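Colleague: Structure below; questions to follow.
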Amino acid sequence: MRMMRAIKQGQWAILLWPYLLTTSIPLDCRDEQGGLSRCPSISQEKLLDRVIQHAELIYRVSEESCSLFEEMFIPFPLQLQRNQAGYPCITKALPIPSSKSEIQQISDKWLLHSVLMLVQSWIEPLVYLQTTLNRYDGVPDMLLNKTKWVSDKLMSLEQGVAVLIKKMLDEGLMTTTYSEQGLFQDDGQPEMLEYVMRDYTLLSCFKKDAHKMEILLKLLKCRQNDIHSCA
């Protein structure tokens with residue numbers, strides 16, 4: 001039954017995948033020399049709209065990836081224990097507001113820098129995830145394609161947010177000084193179940209943070225229109 005649900009989800013994903021690719025507006029800001037010279041020609045309003053659309057798609061595809069991974073590899077009893085597996089989210093230590101009241105109180109500057117911190121913190125872990133998924137027997141191509149797509153789009157999102165910071169705040173690119181040692185440390189040869197739970201936690205945490213990126217960017221957009229009615 002679980003396998004049939006996963007297959008059906010995969011079929012729907014295959015049907016929707018071309019739509020996602022064709023409706024996604026490009027956000028590649030880098031020129032041939034690697035500089036961020038393309039996006040500055042876009043208006044601030046349009047650039048923010050593109051950044052928000054990218055964040056929405058990243059969250060949607062991360063949600064689909066997490067569900068597909070869960071259906072394929074996680075027995076139901078372990079789904080209930082995923083938060084007790086000893087793998088905290090890698091962005092837990094970042095100084096990013098989490099409650100609704102905290103988010104509403106922070107400045108536009110901190111909204112943008114919070115999004116950038118989240119984006120930068122997940123670029124390497126998603127590359128790492130693509131390598132670990134190759135250990136699995138029978139991993140569907142759809143899952144591999146989705147994680148690769150999200151990884152690529154996350155780097156584009158970083159570029160877009162960096163240009164937004166330059167446009168709105170007249171500041172340079174900030175890099176996150178966050179150590180991922182806990183995620184990438186060598187544990188010898190852990191059991192396959194440990195790999196599975198670690199990757200499941202990684203996907204679940206990224207889905208949560210991708211949603212937070214979307215929320216923060218939409219709040220920023222709302223403030224640009226009418227700061228008094230944003231919730």
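Placed from the backbone N, Cα and C atoms, the Cβ positions cover glycine too.
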Colleague: According to Swiss-Prot, the disulfide involving Cys89 connects it to which residue among Cys29, Cys39, Cys205?
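Modeller: Matching partner in the record: Cys205.
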Colleague: If you count other CB atoms within 10 A of each CB, which of Cys89, Cys205, Cys222, Cys230 wins among these disulfide-bonded residues?
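Modeller: Of the disulfide-bonded residues Cys89, Cys205, Cys222, Cys230, the highest Cβ count within 10 Å belongs to Cys205.
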Colleague: Could you check which of the disulfide-bonded residues Cys205, Cys222, Cys230 is the closest Cα neighbour of Asn145 (N-linked glycosylation site)?
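Modeller: Looking at Cα distances from Asn145 (N-linked glycosylation site), the smallest one goes to Cys205.
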Colleague: Distance check, please: Cα of Cys205 (disulfide bond) against Cα of Cys222 (disulfide bond), rounded to an integer number of angstrom.
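Modeller: Distance (Cα to Cα, whole Å): 26 Å.
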